[in-house]
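Among the features that Swiss-Prot reports, region 'Disordered' is placed at 63-89, 135-523. Residues annotated as compositional bias 'Basic and acidic residues' in Swiss-Prot: 75-89, 147-157, 166-201, 228-238, 293-304, 485-515. The feature compositional bias 'Polar residues' is assigned by Swiss-Prot to 213-224, 239-259, 276-287, 305-432. Summarising the annotation, Swiss-Prot assigns domain 'tr-type G' to 663-832. Marked as region 'G1' by Swiss-Prot: 672-679. Annotation comment: Swiss-Prot describes 672-679, 718-722, 772-775 as GTP binding site. Here Swiss-Prot flags 697-701 as region 'G2'. If you look up Swiss-Prot, you'll see 718-721 marked as region 'G3'. Marked as region 'G4' by Swiss-Prot: 772-775.
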Amino acid sequence: MEKARIYELAKELNTTSKRLMEKLAEIDISVKNHMSLLEPHELDALYKHIGVIRHDDKKNEVEEKKTVAESTNTTEKKKEVKKEVKKENKNAPRIIRTTEIIIDSSTEDSSGANNFPKNETKNVQKKNYKNNFVKVESSTSGLRPGFVRDVKPDLRNKQNAASSKNEVKKALPKETSAPKEEVLNSKIINEDIHKEEKTVADNKGNGSKVLKGSSNTESAQLNNKVAAVEKEEQKSINKPESAQISTQSENKPQQSNGAKQPEEAVVSVNKDSIGKSEQVTAQNDVPSVNKVHPQEKPVHRTDRPQGQYNNQRSDRPQGQYNNQRSDRPQGQYNNQRSDRPQGQYNNQRSDRPQGQYNNQRSDRPQGQYNNQRSDRPQGQYNNQRSDRPQGQYNNQRSDRPQGQYNNQRSDRPQGQYNNQRSDRPQGQYNNQRSDRPHGQYNNQRSDRPQGQYGNKRPDRPQGQHRQQNLDIPKPDASVAQEAFDSQRNEARREFQGRDFDKNVKREEKQKKEAPKSNTATKQRFRPQKIVIEKKGVSEILSEDYIFNEFYNDDGKKKKHRNKRNDKVQVKYIPPKAVLTSITIPESLTVKDLAESLKKTSTEIIKKLMAYGVMATLNNEVDFETATIIAEEYGVKTEKAIQVSEEDILFDDDEVQDESKLQPRPPVVVVMGHVDHGKTSLLDAIRSEHVIDSEAGGITQHIGAYTVKANDRAITFLDTPGHEAFTAMRARGAQVTDIAILVVAADDGVMPQTIEAINHAKAANVTIIVAINKIDKPSANPDKVKQELTEYGIVAEEWGGDAIMVPVSAKKRENIDQLLEMVLLAADMLELKADPERQAKGTVIEAKLDKERGPVATVLVQRGTLKTGDSLIAGSTFGRIKAMTSDKGHAIKAAGPSIPVEILGMDEVPEAGEVFYAVTEDKVAKHLVEKRKFKQKEQQFKATSKVTLEDLFTQIKEGKVKDLNIIIKADVQGSVEAVKQSLEKLSNDEVRVKTIHGAVGAITESDVTLAQVSNAIIIGFNVRPGANVTEAAKNAEVDMRLYSVIYKAIEDVQAAMNGMLEPTYKEVILGHIEIRQIFKVSGVGTIGGAYVTDGKVQRNSEVRVVREGIVIHEGKLASLKRFKDDVKEVAQGFECGVSIERFNDIKEGDVIEAFVMEEVKR
């Protein structure tokens, strides 16, 4: 028996590791954790303790093989084998429980609702029956997933054997009356009726007729479908046992009578199993003896059924969705019935329906929208009815209607909008009536009707604007005086006097001309229309307008006179241009976006806030966000194509004139791990000792040199070996053609060697491997070749394409061979350049020289650089005053692949910047100013740009501590290297932030900045003046000076560790067992305890453990021996303890004492 781990055993036993460990503890087996191994005897003890029987695996395998071999024999043998296999077909441990489990798979239901006693007929007619037993376990209780317990009581086995014959006889006659078959029939009927119902539902208006007419044919079809589905389900259910039945039918003549009996039972089970689900026991080891357990579905009774979804029955059903029945149905959605239906959506019925949307009925309908009926309809929009309608929106009726918009009625209309009393109704806008009509909006008395807008009726026409048959009553002078302003009293009295005389004449004319035809009304309609359209609502409602329009004839004449002038004075106002598309840059401010969209900034900010972007007027949004906002206003966006001045000025066309191309020297970079001899190799090539000047023997910044080999020039770049100079090395690889990878023969491939390989491959340069230090006794060049093969560099002699040269830089061995390989690789690359084009190259290194000012080492890549040329490198500009070669000689011109040192730049350029020679100083200065402005703008935008991600990040960084650093170095490359190395040290708790980095000595302004921002100053290869040191001391600014980067990183890491919150670990001191309890008034509960192991200190923290569960954590309030307070009590001694704020100490409790110790980080 093999050892087993706790967690694996827990999985097998379907329990948790913790529970298992508790059980092991009960039998005195102690384990450390869930990964501990249990010995075989411990396993046996555990199984015995928890009541698990473990079977022998080998024995099971042998018996299973025998079972498989015997399974091809007769049916009697098969049954015997099955009984044996039932008992011993599980390899997994099984928990034996004392609770009685009654399992009868043939009558077992998943919910347990239909578990009946054996061999008893279920009384399905009984409504509130009770089970004769309580089912306490299921067939899968306590087993692994996929296993089913097949062991059944012996009584069940005997009953199976004795009653198998009787069951066959009972099953056949009950086939037609059993509730199982009723369930099946009802299910099939449900499905068929559901299908029939769909077709009926499609016949919208004739649904009820189709249902009635087809009732007889449906019953015949349903019986046929029942039979057909019965056969199909029988076939599908019998599929798992079809193989067994076919074998039995072939062996029938050779079997005894005893063998036929179980076969018949199988057939009867198949017949009886319609409507039952089959459960196949998962047995992977013995597939030939898989058993099928038919399982009944819940029985549905046939008396007073409760309707279910898509369930159709014929006796008093409760209607459901899509349910059609003929006896007292309750109508549902799309339900069409003929007896007392309740109408629904699109429901058309003839007997007392309740009308719905688009519902047309003839018997007492309740009208809805667009509903037209003839008997008591409820009027709708534009609906005209004649019998007691109940008015709705825009409803027109003939009996006491309320007039609405475009409403035409003939009997006592009541005005709505601006409505006055019902005995003096007003007409409405566009309201035409023929009985007692009144004027419109702004209407006067009913005995003086006004003509209406667009009103054309033949009965009692109403006069129009300026019509002489108007019956205008005599105005009341006192009312007019109160109504009008005092400034116009005199004029209005005069108007009233004139109007009084005219009113008499108008009354007389109205009586004479009352029966005029309607043609005059039509002709007189237009002037009023013009007046109304030209006046605003407030002007029409004003008293001045009423007076001038209806009382003052002079005003009318003036108005008529002015009409000609109005026609002349009206100016044509062109319609506003609709904004359909805008062109915007890659990013723009909210203000610019608002101006582009012709919207206010507030509207744009609201839209952005709706998308979760909190922005102000000057915040930038990108093109995608601006596009989304523009689409909100239906405006399309196009990205502006920005052609920069640099693109116009600089000649970056890749197409070159082949006739002007000339061969150029190869640019070779030396790469490799720290101390593998890169600078020594370059020194051997140059035959000059440059390594002595490097601090600590480590190259700190790039040097560029030209050497002659076989009368041909080769330019070498020496990149630093330390990983902190990754960016510088990457820049070096970008400008080179060939990379010499230096690998020490004794060390082999190191981390930075791999990094150098990746950079060289990324730059797509040819790699030549120089295996250095072959003069050492421990050198193993073959090992180096093998290691390089893992990274895709295979030596030529091994079938690859990589050139590998073993060299010794110290003893100058094979140096010439290495140079020859470099020239060979250069010839294969066919390196050429045009020396007559505009000069272009890369800044290799730049520094600030005290005597000469900004000095830049540049590598010309194309064209010829001459003294006096104007240069642009990034945001710096200068005119070349002098050029020096790598040997220190002053030169006038430098062609392609030649490194030179130039003077005359206004600032120190960034290392790795591309430089261009320009012809005009003005253009160059303009470009530099533009670039500087862009840099400042980008720095400002970087802090103010708002996105959701930034917002959440800032919230999360509320507890982040910043370590501010100011870096000053001798060259720009070192500033970048130190900055990147230190920022890599940032973690979740401390963030390293370089607030300033520059080339040059440390100044007093740097100290001031450090004091204000609480920063550390790091100087790299620079020294501060005496005044700066004094200022730093007075300001208490930490200033550190380094010449090697390793020490700078170590010191900063130490500073960060000091800022980190300390971490603590728990150290257990000892355990105390409470043996007696004393309750002291005023003090609380004191426990008389015994120190079982370790020791207990007075200031230690304690944990009260009761029966393995921690119930309290706190501190000791007191620790005493007899009556004396003591600092600590050792193992084997008794003591009295009390715990702060805890008095629930009981006998048998274990108190665990511990202290928290700080962990160094």
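Note that Cβ sites are derived from N, Cα and C of the backbone, with glycine treated the same way.
Mapped onto DSSP classes, the region 'G4' (772-775) shows 0 helix, 1 strand, 3 coil.
Averaged over the region 'G1' (672-679), the predicted model reaches a pLDDT of 76. Under DSSP, residues within the region 'G1' (672-679) fall into helix, strand and coil as 2 helix, 1 strand, 5 coil.
Around the Cβ of LYS678 (GTP binding site), the number of neighbouring Cβ atoms within 10 Å comes to 27. Cβ crowding, taken as the number of other Cβ atoms within 10 Å, peaks at GLY672 among the binding-site residues GLY672, ASP675, ILE774.
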